[in-house]
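Take a look at the structure below.
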Amino acid sequence: MGNVCVGGSRMSHQVYSPDRADTPPRSERNTPDRRQRAAGDAERTQSMRLQQKINDLKPYVRHARGPIKAYGQAALDRASGKKTSVSFAELDATHLDAMVYIENQRNPGLNLKHFRDHKELIQALQSDGPSAFRAIFPQTCPETGQTLKHHVMADVRLHQGGAPTIIITEPAVIVGARYQQLQRHNLTLEDLSESGVPLSQVAIIETQAQKTSDDCVMYSLNYAIKAHKNAAQFDDIHHGLQHGTLSTESESRARTTLGALEASSSYSVMHEGAHAAFGADVLPVDFYKHGASLTQAKQLMKRPDGRMAGRVNSEGHSEAENLVQRNQAFRVKRRELLDDETPSNTQFSASIDGFRLQEIKRVLAEEQR
């Protein structure tokens, strides 16, 4: 479950060059092998739904200029199954401010902020502002203080005369390979505690939805939108945190990677007082709309309580769509780097790629009005 975008600095911006990435050596151009590989690329995009999103974005990218054009082309290439050599965690973060602006315009009251690190989040807790807001920020390496690629989302409530309550949604796992993720979450918790926030009023929710290596920014953006749309349910969670409790934690914590580690440890591995839970136990079903794994979607829908069996698309659609149907509609076969960083042919839902294409389209549509 070490499938998180780690290492490197968020501040080092990558420039995607589709010409450089896709142009073969002269000796390979227009050869049968080249044509066969091109046909193979086309076959990898097997989802008609994803192809529609690709087609919707193409005309906007065609008329775009500058870095956003390169970003859009990179997203199109990835969604089409072409090989790209860039980190989308970095590309997404570079263009996140534009997406945050668009989503704040589309969703009054979202109050979404993009912070450079968790320390900016702490500063926002101590300043005048809306009583409810969401924030996306990269994690920080405890050893070097360097911001990393992996991003998370925090849903925040400020309480008059009391300490804030914070729900951090982790799109992948809390622990991670060699406990690196856990150490970074612990750094955030430590700094929150030193700033005066009781850790009994902080929860980390692990969804395990992110299986690809670098889609954390898109998951975090989607989670912020979903948290706002399900604000009443989040209000209930915040109300419990005000009293130092998180419902179902006694059973749910064991279903997280943190709980699995704690079961084999004789000491506390996360800062004492902070809460942890598995996303499917506390979050609405639409938080798993873009989950990559069909196995996970099927397992969630088999829950006895039925809380993950509902629709994940909006009421505006004529037909309801559940987790498995969504996953199958965006399922593609593509060569990806998996957790062990070895190439493998695999099938998964590229729904999160579709979300990225949609967000880029919204940014470009605003620019080209």
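A Cβ is built for glycine as well, from the same backbone N, Cα and C atoms used for every other residue.
Quantities reported herein were computed from a predicted structural model and do not represent experimental measurements.
Features of the protein shown, as given by Swiss-Prot:
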- His150: active site (ACT_SITE)
- Glu170: active site (ACT_SITE)
- Cys216: active site (ACT_SITE)
- Arg49, Lys53, Arg106, Asn222, 226-229, 289-290, 314-317, Arg326, Gln358, Arg362: 1D-myo-inositol hexakisphosphate binding site (BINDING)
- His150, Ala177, 211-212, 292-295, 331-334, 344-348: CoA binding site (BINDING)
- 19-46: compositional bias 'Basic and acidic residues' (COMPBIAS)
- Lys289: N6-acetyllysine (MOD_RES)
- 1-46: region 'Disordered' (REGION)
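The shortest Cα-Cα distance from Thr212 (CoA binding site) to any of the recorded positions (Glu170, His228, His290) is found for His290.
For Cys216 (active site), other Cβ atoms within 10 Å of its Cβ number 31.
The Cβ neighbour count for Arg49 (1D-myo-inositol hexakisphosphate binding site), using a 10 Å radius and every protein chain shown, is 15. The DSSP secondary structure for Leu294 (CoA binding site) is helix.
Using Cα positions, the member of the recorded positions His150, Cys216, Lys289, Leu294, Val332 nearest to Gly316 (1D-myo-inositol hexakisphosphate binding site) is identified as Lys289.
When the CA atoms are compared, the recorded positions lying within 10 A of His150 (active site) are Cys216, out of the candidates Arg49, Cys216, Asn222, Lys289.
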